[in-house]
Amino acid sequence: MNKVALYCRPGFEKECAAEITDKAGKKGIYGFARVKENSGYVLFECYQHDDADRLIREIPFGELIFARQMVVVGELLKNLPQEDRITPILGMLTGVIERAGELRVEVPDNDESKELMTFCRKFTVPLRNAMRQEKFLLAKESANRPVIHVLFIAPGCCYVGYSYSNNNSRFYMGIPRLKFPSDAPSRSTLKLEEAFHVFIPHDEWEERLGSGLYAVDLGACPGGWTYQLVRRGMIVHAVDNGLMADSLMDTGQVKHHRVDGFKFEPSVKNVYWLVCDMVEQPAKVAHLMTDWLVKSWCREAIFNLKLPMKKRYEEVAQILQKIEQQLKENGINAQIQAKHLYHDREEVTVHVRRIWSAYAMTRDF
Ligand SMILES: C[S@@+](CC[C@H](N)C(=O)[O-])C[C@H]1O[C@@H](n2cnc3c(N)ncnc32)[C@H](O)[C@@H]1O
């Protein structure tokens, strides 16, 4: 198998392709990306046979911005016979993978695939049974073993392959399934919730997203992001000239500051989270976030960067590089991640966590 399938939001295949070509090239992995607009996936074909496996081991999945999932796949299986679709699929896996921990029968995230989803759900059960019988799959699901993916791109037409559970998205189709909380003041609440699922490991939620932490929400109104912080028991300074939902103000956990987010300064320096959803030029937002982190005004930040019209990957990569460079110049060691989330449209979501600061140790938490 010498191809890597990368799932992405439809319409962002070019960005996904530019990114994988760039990042694979930096690892000395060469190939070319096949792009079909609005398909919801990209195929990166490696020139060297073993390079697809090397790619999904060596490129940290968390560092990919536009890919929702990365899977090594073989040739496209076409015209699967209706009376036995299973045998050709198993054939693709022979000598490739055994005792995998999970099977995911998936489709790309595009409009045409909606009907195929119903088929995939039904097909999963007999396929899983057959895979277990032939020892491609363990009898019991395991999160520590590779994942088998069967990606249907049309009826009777699929790619078969695998991903590594320590370097993939743990979500089916690379999309966390979240339910809109009926009492949240805006739909964008799901953006911050998704960011927490994607960026913060679950076993660290209590420590990093727990009750009693202080947070600042810049561009907070009507309060979808604040809602996510409040429901976790945090105390929130909500900064915006607009109106905050009464339901949030009634909790007593929110202080509303009707001021410019670019000028707001926290009165006490005990803020753990800075979140920012102000619709502004990405470079300006990035500068503000870096400034907060350099001044040790917060420990972690999540913010959106609006995507430019052209060269979206290149521009975002440049901004992220600048954030990293400025933090480094100020002696701050940080983890920086960015993702085009399912709930993001023309923007990406960035997470920065200050790990330690050479110059401000005493003020660190
Ligand atoms: C996309 S909305 C935020 C939605 C919010 N995150 C939610 O989930 O409900 C952007 C908000 O940023 C605010 N905003 C834009 N520029 C701002 C600034 N310079 N200072 C403070 N707020 C600003 C707007 O008033 C608007 O309410």
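Just so you know, glycine gets a Cβ as well, placed from its N, Cα and C.
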> For the S-adenosyl-L-methionine site that TrEMBL gives with S188, C221, P222, G223, G224, D240, D260, which of D203, D277, D291 also belongs there?
Replying inline: D277
>> I'm trying to understand the geometry here, so how far is the Cα atom of D260 (S-adenosyl-L-methionine binding site) from the Cα atom of K306 (active site, proton acceptor), in Å to the nearest whole number?
In response: 19
>> Using a 10 Å cut-off on Cβ-Cβ distances across all protein chains shown, tell me which of the binding-site residues (D240, D260) has the largest neighbour count.
In response: D240
> Just how many other Cβ atoms lie inside 10 Å of the Cβ on K306 (active site, proton acceptor)?
Replying inline: 16
>> Quick check for the class: what is the C-alpha distance, in angstrom and rounded, between D277 (S-adenosyl-L-methionine binding site) and K306 (active site, proton acceptor)?
In response: 10
> When you tally the Cβ atoms that lie within 10 Å of each candidate's Cβ, which of the binding-site residues (P222, G224) has the highest tally?
Replying inline: G224
> Taking just the CA atoms, what is the gap between G223 (S-adenosyl-L-methionine binding site) and K306 (active site, proton acceptor) in Å?
Replying inline: 20
>> I want to check the contact list for C221 (S-adenosyl-L-methionine binding site): same chain, sequence separation of six or more, C-beta distance under 8 angstroms. What comes out?
In response: A238, D240, N241, G242, L243, M244
